[in-house]
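**Student:** Have a look at this one before I ask anything.
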Amino acid sequence: MATSWFSVLLLVSIVFSCFLAASAGDFYQEFDLTWGDKRAEILNGGRLLTLSLDKASGSGFRSKREYLFGRIDMQIKLVSGNSAGTVTAFYLSSEGPNHDEIDFEFLGNLSGDPYIVHTNVYSQGKGNREQQFYLWFDPTKNFHTYSIIWSPQGITFMVDNIPIRVFNNEESIGVPFPKNQPMKVYSSLWDADEWATRGGLVKTDWSKAPFNAYYRNFNAYSWNSVGTDVWRTQALDATGRRWLRWVQKYHMVYNYCADLKRFRHGRPRECRRSRFL
C-alpha cells in the first residue's frame, strides 16, 4: 500500500541530502542542553541524548540552528512503565509573545495503556488547533521516527513516515499560518499531571522516578532556498492520503474541528475547507 509514498519520501531525502545544508545526528554539534542541570545528557560520542524527570525538575534541549521551512526528523524512545502525568515534548518554536510553534507532545500513561500523541499549531501566538491520536505501537520498546514537514503550503506531522495530520496554509480565507519566523527545534520532559493523563485525574507516581526519554538520529533539512518544484513533492500522494484517512479513522482521539461544544458559534474557518487537519 505504501510503496509510492515511501518512494517519494526516499527521493525527497536524496534531493535534500545532496543540495541542502543538512544536520545529521551529532547532538554535541546540533544542540544545547538548556535546563535540568545534569538530567539532560549527551552520550555515545554525540549519538545519543537522554532527558530525565524527577520530582525536583525535568530537563530539555534546544537546537543551535534556526530553520525556516524544512523537514525535521528525530528518533525517540519514550518514557516506559507508569509514565502517567509526564509529557515528552518535541516541537519547533520561534521566540517572543507572537511566536509560531509546531508541536508533538507525548502524554504519559498508566502501564499498559496506549500513549497519546498531542499535536498543535501556533501562529502569531495563537494555537488552539489540537488533534490527538493513540499510537498504534508501544513507543517505549524501541525508537520510532517523528517528523515535521513544514513548507509554505502546509505542515505535515508524520510517525515512522506515516502521515497523521496535515495543516494546510489557508491564509487566503484569513487563517494565520506560520511562515515568516524561523524556528528552533526543542524537546523537553516535564511534569504536567494537572492535565496530561485523563485530564489530570491520574497523577504522577514519583516512586517510579526518574523517568527517562531517549533520542537519536536527528536529521534536519532546511528548504528555504529551494524552488517550487521541490515543494510540490511535499504534498501527499494517493497512498499518503489513504494512510492519513486510516490514522484519522482508527486512531484519532480528539479533533478540535469536531468539538462543537467548544465552538458553539461556528467552527474555525480552516475546518470548513479541508478533511485533513
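Keep in mind that glycine also has a Cβ here, set from the backbone N, Cα and C atoms.
Below, the features straight out of TrEMBL:
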| type | residues | note |
| --- | --- | --- |
| ACT_SITE | Glu101 | active site, nucleophile |
| ACT_SITE | Glu105 | active site, proton donor |
| DOMAIN | 21-215 | domain 'GH16' |
| CARBOHYD | Asn109 | N-linked glycosylation site |
| SIGNAL | 1-24 | signal peptide |
**Student:** Return the residues near the residue listed as 'active site, proton donor', defined as same-chain residues 6+ apart in sequence whose C-beta is under 8 angstroms from its C-beta, sorted by sequence, else 'none'.
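**Tutor:** Same-chain residues close to the residue listed as 'active site, proton donor' (Cβ under 8 Å, separated by 6 or more) are Val87, Thr88, Ala89, Phe90, Tyr91, Val117, His118, Thr119, Asn120.
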**Student:** How many whole Å apart are the CA atoms of Asn109 (N-linked glycosylation site) and Glu101 (active site, nucleophile)?
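**Tutor:** Between the alpha carbons of Asn109 (N-linked glycosylation site) and Glu101 (active site, nucleophile) there are 25 Å.
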**Student:** Specify the count of other C-beta atoms within 10 Å of the C-beta of Glu101 (active site, nucleophile).
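**Tutor:** A 10 Å sphere around the Cβ of Glu101 (active site, nucleophile) contains 18 other Cβ atoms.
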**Student:** Among all protein chains shown, how many Cβ atoms are found within 10 Å of the Cβ of Asn109 (N-linked glycosylation site), not counting that one?
**Tutor:** 24
